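Summarising the annotation, Swiss-Prot assigns region 'Sigma-70 factor domain-2' to 63-129. Residues or ranges marked as motif 'Polymerase core binding' by Swiss-Prot on the basis of sequence analysis: 85-88. Taken from Swiss-Prot, the feature region 'Sigma-70 factor domain-4' covers 180-232. According to Swiss-Prot, the feature DNA-binding region maps to 207-226, an assignment based on similarity to another entry.
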């Protein structure tokens, strides 16, 4: 195909190039959608339609909302991996529909509407993502055999999405709304209950707006919301169990002592750091353990560390909570081992979820080895 000579005046506009076909399942979507690339296209200054102009600005207009869209999709799915793919699919759908966006709602609202329906489609027929504490009673013997179930789609942690002061979202970026215990509680709701609760109580939408977004009536929305709130009260953290700021001096001091105890392999010091009723769980293992002594027995008996220096940890924030990435000695280096997300009560650790999925480490910007 021959083209006419290129005009003298050009400018660069950003568009999206799609390669391959798109499938519905997020785990397969990523292979295609991650090939979305920004390219520079030369176009004449004159003769461009307003819709083309707006499409050219799509990336600049939508990029500020990527973080909160990720948080929203994560709350809906309980999976960081799926949330990333669903954000990509949301932006793909939005780009295709951008020409028809009339501005009757804000761009932020419009994007969340698309994201919500994208998540609802992806969640059809899927099981909830649990933590071990959601499967039964605590394990009695921390020295016993550990039961691993990698076929289960476990809840995943989320990197901090509130560290950018330029983020336009102050509601969605609230750390309480991505707290691990809250996201785990959301998994007990149906996808539509989850969507209604998040749109009403986190994003502060009106019932009529929610009804319009998910294609139902206001009466149905209010009914779904009532059932969701009622069910959530039985599984969510209590109102008194407030999340302390992970970057507060108190939280940072306790996290530093927690890291120091592990790196020194100081079991006695670890016992002192946990509350009497502290909980330890580590997906993909199904067991969970309660009580400081049970936890340190588990660490002493089951952890592949034997002496000071076998473990190294990096402090970070996950789900708006203090967290630490643990690396285990492997010859002359330390390799990714676990990602710990902590709950703290006063000056003690009350709950640890230790994720053994090392594919999470790059998502948190962590090094391959130490």
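Yeah, the Cβs are placed from backbone N, Cα and C, and that goes for glycine too.
Regional average pLDDT for the DNA-binding region (207-226) in the model is 96. Away from its own ends, the DNA-binding region (207-226) comes close to residues 105, 109, 112-113, 116-117, 120, 192-193, 195-197, 199-201 of its chain (Cβ-Cβ under 8 Å, at least six residues beyond either end).
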